[in-house]
Amino acid sequence: MTFRRMAFQIFKANLRRYLLFFLCSSFTIMVFFAFYSLYTNPDFNDPYQVNGMVSGNLYAPFLVMRVFAVLFIVYAQMAFLKFRKSDFGLLMVLGMTSHNIRKIILLENSMIALASILTGLGAGTVFSGLFFFIISLFVDIGNSAFSLTLDSYLYTIKFFGVIYIAVIGIHLLLTLRYNIVRLLQESRTAERSFLHGKFTGVFGVILLGISVFDMIIHYNPDDARMMLINLGVSMVGVYLLLSGLCDWMKLIFLRSTKAYHKHLMFSSDLNYTLGRSKIVLSLITFLVFITVFLSGIIFYITWNAEAIPVKNNPYDIAYSEVFGKNSISPKTLSEITDHGATPLLSHQKLEYIDLFNFKVFLDQNINTLIGSDYHVEKDHFLNLAIVAQGEEWKNQRPEMPTFDLKLSSGKHTLYSQGILFNMVFNPVPNLMNGLHVIVNEEDYMALKAENKNAIGNLQLLNFKDWKKTADIDAKLNSALAKYNKDNTESWYGNERQEALVFSTKSRISEYLQLKESGRFGIFVITFVGLIFFGASCIVLHFSIQTDLEREKIKFGKLNKIGITSKEVAQMIGGPFKVLFFLPYILGIALATVYIISSSRFEMSVALGPFWFCLLVGGAYLLFQVLFYYLYTRIYTRKMLAHIQLLKIPLTEQDSTPIYIEI
Amino acid sequence: MPILEVESLSKEYKGKGKMNVFQALNGINLSVDSGELVAIMGPSGSGKTTLLNILSGIDTEYSGVVRIAGTSISEMSKNELALFRRQRMGFVFQDYNLLDSLTLRENIMVPMVLDDQEVEDINSRTDETLSLFDLGEVKDKYPYMVSGGQQQRAAISRAIINGPEVIFADEPTGNLDSKSSSTVMKTFAKLNALKGATIVMVTHDPFAASYCNRVLFIKDGKMLLEITRENKERRAFFDRILENLAFIGGGEDDL
């Protein structure tokens, strides 16, 4: 028998072990490929075909998907090699050299990696079509067509190829440290961890505290790096906290002799469980955090699809006439507004001067419109920030200190009198491509006299029921586009872009977009959430499997001393509760803190998203409770059967869908 | 007064097919009095360990009657047996059966902890047992940090912590060198002499068996004969055991 033949025989004998690992890897690659195909679909990313809010909702989940793919494949590979370590020890006892072991690792893992990538891509090709079809049922994707590009295949191969090469390379290096005795004991000894002890836990709590404090105090919506760094620090904190948790629990139990005796077995089991599962628990905490955080935001936005457009648009429909664009006649306008599903209540106008980079308003016009009493002093101006977020946005919108009026008489510098945060009008597209300033009458008139062509008029329409204005808004946009096409020169040489820039800004269109993007967001996040839930179940299963041999030996020994089935169930349930629920509680707690600190700035609300976060977290926890009961029940029954406290026919054991080798 | 009574005990192992039946035990009758130190000997495959597993309630698939302190264990459920085993029996195994994740002291107190006994009782009895078997210095060490002899003494300590009516030992010296074997057997003898403990031991080792008051020989699942030490010197009893072993036969590995 040649070496290659023997390695293949070993591979064949271990096929059942490989199967779950292979399926997990293939599934991850399949989902990754489907996401990437959609993410790079040119039609789906075309803002003229698919609402930008919809395609934008894919960014965060796909980013998380990439992080997850790396962590999951690395972890699954590590867990798998742990299973094999005692086999390697035995093979080394029989005379295999480290070099031979390295060849086996390389051969086995390369075969799995290659098979996983090929299967993943094959299944991904079918699945991405299905994924696209399901999405088309949820949202309006216009004329977007499903397409697969060579880039999707190459990127997926490169992405996973690099992960596999790195992981296999690291494992090959680690074989240099292989020691027969340690390999054979691998399944029976607690993890030798460098990071443990009470101080590690304290340091973890401090890191968690710092990152949470920084998020609450210094959160900056424009600084995504800050959030990612804090998230990274939080995850390191979680890892260190878990590393030191066991020592803390021991310390607590030791303070009371009664507690020490009562929890003697639990405490020693936890030592092993936490020792082996720190990485798993940290990974699950991360998955739960991401799912709950993103779901909380998306559910809140969808739930508030009515409140957000009202907050962002003081008028039901607004558009701007400027540079000859959008100058439809009053007759055309009234034909549209008079024949809609809801009557027009008011039609107001606001004049401004469009200097491209700056849109200049007169203080008195603003006062007339919104009933304020702003008064701009001579040689001064007011910065106007059109934001719905209010004063909390202050740090994000800097105050411009001076503004130069370029007049024929020369440059006249105005000085800032302050910054005004007020949603004075709807953020109409052609008005939002510049900064807004308010000046006094003298300066405004001087500027107006020299920029007659740049005088714009903002048309602000209010109806009885804005939710019935969809038809009016659509007709108005058609009329504006037709007018601009028939009467003006195209600015962009592109009809769709022209229509987009000179379109209306209405509550109803934002409402419909939010509803649509919310539907898509909920679909994607539910999908990702379910995948993460499945992944967390699988990594937990992997982790429990690595401890299985030791547990079988332990319960076998306890059975000889005398242990009832109820006591076995209790002993299994204790550490399992920590494994199954601790990361969920940590992840949900972290997500709620992060959501409060970010939504306070982004949406000027804190408690709304928080409740949604708790709701999603609660639902997620409920799933986990069900999984815990199911898994613990099966595990306990099989353990009881192993120690002959319960009779389970062998055939039943073999046919159980969850892979537990007892 | 008998503490352990066995009547017509039989055990079959069934394989595939009607003809494939192996009779491991065949109508064994046995009685052990309180305070006796008894050894069961026999060649490999004679049914020694099967007998011990049945007596101790680990194996429940058999026919016949087994009574311990007047209670028939044949009628108990597996959970009742588990409690009976923990509270009224003690066990010593060839591989010590200590839990790797607990220190020797913690291992010794496990049966009392599982029974949720009073903290003071647990501590005082554990400390008393530790000093009885001279384990004070290694009490806070884990099993893999101490010698086989120390592990076996810890296992014996655990076996007696609940004050059992009978102690069962399965090849207690099987994994030990001769010096440690001697220490362990002296420990059993001390326990028997000082505390009047009833000990039933399965062994291959004639040297270990020579510490007992009575030795039962079984072969092919049947009780062949029994010898008693009476007032003989241990050396003379040892020779008699050897003679009987030669008489009933057995492979070299059985000696």
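Here the Cβ of each residue, glycine as well, is placed from N, Cα and C on the backbone.
Automatic, uncurated: that is what TrEMBL annotation is.
Per TrEMBL, domain 'ABC3 transporter permease C-terminal' is recorded for A:63-170. Sequence annotations record features per position, and here TrEMBL assigns transmembrane segment to A:20-39, A:59-81, A:112-139, A:159-178, A:199-219, A:231-253, A:279-303, A:520-544, A:578-597, A:609-631.
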Problem set entry | Interface-richest range of A:20-39, A:199-219, A:231-253, A:279-303, A:578-597 toward the transmembrane segment (A:520-544), CB pairs under 8 Å | A:279-303
Problem set entry | Contact call for the transmembrane segment (A:59-81) against the transmembrane segment (A:609-631), three or more Cβ pairs under 8 Å | no
Seminar exercise, completed: Confidence over the domain 'ABC3 transporter permease C-terminal' (A:63-170), expressed as mean pLDDT on the 0 to 100 scale, is 84
Exercise. Same-chain Cβ contacts of the transmembrane segment (A:279-303) under 8 Å, 6 or more residues past its ends?
Worked result: 57, 60-61, 64, 67-68, 71-72, 75, 78, 231, 235, 238-239, 242, 514-515, 518-519, 521-522, 525-526, 528-529, 532-533, 535-536, 539-540, 542-543, 579, 582-584, 586-588, 590-592, 594-595, 599, 603, 608-610, 612-613, 615-617, 620
Exercise. Per DSSP, how many helix, strand and coil residues does the domain 'ABC3 transporter permease C-terminal' (A:63-170) have?
Worked result: 93 helix, 0 strand, 15 coil
